[in-house]
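Colleague: OK, TrEMBL features for this one:
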| type | residues | note |
| --- | --- | --- |
| TRANSMEM | 12-31 | transmembrane segment |
| DOMAIN | 259-357 | domain 'Lon proteolytic' |
| ACT_SITE | 264 | active site |
| ACT_SITE | 309 | active site |
């Protein structure tokens, strides 16, 4: 028995179906972003060798005995130039209130490979761990010695100096590899001490700086300058030199974040170190999440994906979320029920906030304006 020949209508319907299927599975130049995993910095995780190890290990201290948790939060990014999403995946994300869709270039720049992006992200994580250790130990009263090595100087043009500026500057007398020994008669001890001394200097007034060069101490003389582009709260006085710090931690701190990259867990790592090395349990048994970069001075910086991280924290059972104050305007959604947002600018402030939460003094905690 012969099969009936397909009609033009049948052919058109079949072609349309193939076209729709093709469109749905076609690769798209987008990534989807949503709440990622959370990890308790006071807890344990599986290492690359499959061993269960503490997230934070501090030589000479025992694991935290408290029942609370300090969670660092992440965003989950799906898709990459090497593994593009299908149109169907993008459509699902568009209708999911917990997901956002972004151009793939927002996370994988066109001039970088996926491997380069991952390596940069890992380097940022390692830097954040180091910053967290320095900031936390400083917060606890430890002296953290530093060696500052010259790794370049800014030009007169970069410093915004006049074309006819003839005052001796750092670029005239310093060389790569010089190690700072003293600034204006004050010995280099800690990074914060050096920054404090620089901030107290007068622009365009020459000072003596002692550096170690070729194994010998050499005294050079040059004038700092006023940086008109310095941000709010930052010192406008600059030496005009790029310094690479090398810290000598008085306590051995190891952080195991495994496959998580980026700098945004820095503040929570620092709080974890303060909790483990300090005399008190910071959480009081609560589950507290947060995010934010940290520098060695304890300043908390903005991050990306704040809305997604708050949702992820809520799903993990957190009742409080510490957010960088500089991210407050980026919070576009009211947080889920049961979780409260607190805005912080520094590690010291974050420690104080945890103390107030533990004591039940929550009425006057710093909040993000307009965030429920």
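Cβ atoms are placed via backbone N, Cα and C, with glycine included.
Unlike curated records, TrEMBL annotations are generated automatically.
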Colleague: Sorted by position, what residues of the same chain at least six away from residue 309 (active site) have a C-beta under 8 A from it?
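Modeller: In sequence order, the residues whose Cβ lies under 8 Å from that of residue 309 (active site) (at least 6 apart) are 35, 36, 73, 74, 75, 289, 291, 303, 321.
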Colleague: Where does the mean pLDDT land for the domain 'Lon proteolytic' (259-357)?
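Modeller: Here the predicted model's pLDDT, averaged over the domain 'Lon proteolytic' (259-357), is 94.
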Colleague: Within 10 angstroms of the C-beta of residue 264 (active site), what count of other C-beta atoms is obtained when all protein chains are considered?
Modeller: 28
Colleague: Report the DSSP secondary-structure composition of the domain 'Lon proteolytic' (259-357) as helix, strand and coil residue counts.
Modeller: 39 helix, 20 strand, 40 coil
